[in-house]
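Accompanying notes for the structure given below.
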Amino acid sequence: MGSTANGETHPSLHSIHWFRKGLRLHDNPALLAAATDCHRLHPLFILDPSSGRAGTNAWRFLLDALRDLDRSLREMGSRLFVVQGCPEEVFPRLFHAWGTTRLTFEVDTEPSRDATVAELAERHGVKVIREVSHTLYDTERVLALNNGKAPLTYKGLQSLLASLGPPEKPAPTLTLEHLQGEHGVVDWVSHDTEYGVPTLEELGQDPTEVGPHLYPGGETAALARLNSLMDRTAWLCDFKKPETEPTSLSPSTTVLSPYLKFGCLSVRTFWWWLDEVYQGQREHSQPPVSLHGQLLWREFFYTAGAGIPNFDRMVGNPVCLQVNWDNNPQHLRAWREGQTGYPFIDAIMTQLRTEGWIHHLARHAVACFLTRGDLWISWEEGLKVFEELLLDADWSLNAGNWLWLSGSAFFHRYFHIYSPVAFGKKTDRDGAYIRKYLPVLKDFPAKYIYEPWKAPRAVQEQAGCLVGTHYPQPIVEHGAASKRNLGRMKAARAQKGNKSPRRRPPHRPPLPPTGENCLAHAPAAFYSVAKHRENRGELSRKRLFSLPRPAAAAGGKAIIPPSSATIQ
Ligand SMILES: Cc1cc2nc3c(=O)[nH]c(=O)nc-3n(C[C@H](O)[C@H](O)[C@H](O)COP(=O)(O)OP(=O)(O)OC[C@H]3O[C@@H](n4cnc5c(N)ncnc54)[C@H](O)[C@@H]3O)c2cc1C
């Protein structure tokens with residue numbers, strides 16, 4: 001597969017392209033490198049069952065994306081090979097079985113096992129090619145420009161990027177022309193059995209737990225979504241993030257985040273297409289509030305995640321304020337389950353649990369409520385819940401934004417606390433958003449929809465919902481809780497040198513749960529449920545755990561933040 005300028009391939013060149021994020025054929029330079037002059041290409045995705053927190057909705061998104069990728073490759077006579085196991089164990093066997101000489105993959109800025117895999121490949125005489133395409137810029141280069149340190153302000157990042165010029169243009173999409181070499185014979189039937197994309201059940205997920213299929217995964221859906229957004233010139237040019245509405249019944253921002261997270265959509269493709277739209281217009285909004293500005297926020301947190309040790313935790317994170325957060329499992333559960341008694345907060349958490357996506361300012365509201373606002377619970381707990389429930393859960397972006405919202409890093413106007421009552425009212429006085437996600441409250445008059453506990457008993461009876469019986473009383477009193485927490489925050493900040501040492505605490509595992517897979521790893525339950533089913537004979541042993549047999553080897557083919565602060 002793949003050909004030289006004179007149309008020849010090297011019979012000895014056998015590539016594996018390792019998909020993790022970057023689940024696409026467009027702007028995928030590592031995939032193109034794999035195809036170049038290549039006699040046989042194995043597009044590979046490894047499902048790693050070691051650990052992870054992703055919920056069913058996110059799994060569905062990933063499986064959609066893998067099926068879409070397989071469909072696109074199939075149209076060119078190739079297929080996606082899905083193999084389960086740990087990359088360190090999988091690769092040596094694949095190298096041997098497939099006679100691999102070249103391994104390509106996209107640079108991952110998150111802590112990962114890439115260095116181990118690269119070493120392992122080199123030991124097997126396999127050449128490794130890595131290409132940057134998940135971010136607009138090469139974060140290593142940006143860090144090097146800043147003496148190895150991550151910029152801690154958006155403006156700081158902007159000035160570094162200005163010295164690098166605009167982001168690179170997207171690489172050409174992989175087409176049949178890139179795959180012109182001799183094709184391996186794909187046995188379509190055995191391919192599905194041995195390397196097919198598994199189902200949710202096969203991953204130990206309960207398919208009845210998924211919510212409405214609002215954002216189907218995959219490159220095709222990503223490009224269709226981008227395409228239709230790019231037709232809305234006026235909207236794109238007027239886009240100012242703080243003016244979009246968290247309470248809108250249909251999304252008021254792009255919802256491209258799950259596609260960017262999994263790399264179904266290239267950020268460079270998004271950037272340059274938007275640039276074209278801007279070019280034709282006299283005026284358009286600017287960073288940090290414009291859509292280009294949003295992509296720079298993404299870049300900001302990726303760079304921070306790549307440059308700051310222990311970015312996703314408090315201890316050992318040198319930029320993170322050290323706070324003595326409370327341990328209150330009951331409050332944490334109430335927040336997670338949308339049972340705080342504050343309808344705005346509970347509606348957001350319900351939308352998150354069922355649909356897997358919530359507006360940025362809705363994230364602000366619930367994150368502030370959990371941490372410095374009301375419950376004084378560690379941002380790391382919120383991060384874990386988001387990691388499970390968000391379709392776009394992204395290691396760098398999730399940690400960076402939780403650090404920000406909890407007042408632990410980047411953001412210093414900690415005294416601006418979102419009111420769980422007043423904030424939602426700003427854009428939705430009647431509470432339509434609450435009525436949609438909390439139908440138990442749908443018949444409350446607008447006057448009480450944000451504070452149903454204040455409604456007289458007769459009003460509650462008329463609405464068919466007694467607070468304390470059908471819907472909880474508030475778990476804290478916002479006024480008193482936020483005042484107390486403000487004092488605690490001031491005290492934490494006042495402590496001299498309240499920054500964590502750079503050392504990683506010894507009890508932590510060496511890697512965060514996001515590893516080689518873009519969905520982090522499979523949940524712990526996955527391995528055991530799958531094993532259990534296998535034992536019951538419901539799944540073929542090969543399908544779940546096997547690596548390829550040599551025979552198969554031939555088959556290769558608001559409170560709106562004040563304007564003086566940088567708004568994110
Ligand atoms: C506590 C908290 C946790 C978050 N966790 C995540 C996460 O895990 N994954 C994630 O993608 N975003 C996260 N965000 C950032 C932001 O809320 C989402 O990126 C955004 O709401 C996604 O919707 P959209 O695609 O419609 O965004 P748009 O407004 O349409 O923006 C376009 C793209 O810009 C990027 N972007 C926008 N805002 C931010 C931001 N603040 N930081 C970084 N990138 C941004 C995203 O890639 C987004 O898709 C978090 C925000 C908060 C407050």
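Cβ atoms here come from the backbone N, Cα and C positions, even for glycine.
Database features, via TrEMBL:
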type	residues	note
BINDING	253-257, 294-301, 392-394	FAD binding site
DOMAIN	13-136	domain 'Photolyase/cryptochrome alpha/beta'
REGION	482-517	region 'Disordered'
SITE	Trp325	site 'Electron transfer via tryptophanyl radical'
SITE	Trp379	site 'Electron transfer via tryptophanyl radical'
SITE	Trp402	site 'Electron transfer via tryptophanyl radical'
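A simple way to gauge crowding: the CB of Trp325 (site 'Electron transfer via tryptophanyl radical') has 21 other CB atoms within 10 angstroms, across all the protein chains here.
Among the recorded positions Glu299, Trp325, Trp379, no residue is identified whose Cβ is positioned under 6 Å from ligand 1. Averaged across the domain 'Photolyase/cryptochrome alpha/beta' (13-136), pLDDT for the predicted model comes to 95.
Nearest by CA distance to Leu295 (FAD binding site), out of the recorded sites Trp325, Trp379, Trp402, is Trp402. Comparing local CB density within 10 A for the binding-site residues Val255, Leu295, the maximum falls on Leu295.
DSSP assigns Trp402 (site 'Electron transfer via tryptophanyl radical') to a helix in the three-state reduction. If you take the Cα of Phe301 (FAD binding site) and the Cα of Trp402 (site 'Electron transfer via tryptophanyl radical'), they are about 11 angstrom apart, rounded to a whole number. Proximity of Thr253 (FAD binding site) to non-local residues of its own chain (separation of 6 or more, Cβ distance below 8 Å) is seen for Lys241, Thr244, His359, His360, given in sequence order.
Of all the recorded sites listed here (Trp379, Trp402), the one with the fewest other CB atoms within 10 A of its own CB is Trp402. Highest Cβ count within 10 Å among the binding-site residues Trp297, Phe301: Phe301. In this structure, Glu299 (FAD binding site) is part of a helix by DSSP. Within the same chain, the residues at least 6 positions away from Ser257 (FAD binding site) whose Cβ sits under 8 Å from its Cβ are Trp357, Leu391, Asp392, Asp394, listed in sequence order. Each residue contributes its Cα atom, and for Trp379 (site 'Electron transfer via tryptophanyl radical') and Glu299 (FAD binding site) those atoms are 21 Å apart.
Applying DSSP to the domain 'Photolyase/cryptochrome alpha/beta' (13-136) sorts its residues as follows: 48 helix, 31 strand, 45 coil. The CA atom of Val255 (FAD binding site) is located 32 Å away from the CA atom of Trp325 (site 'Electron transfer via tryptophanyl radical').
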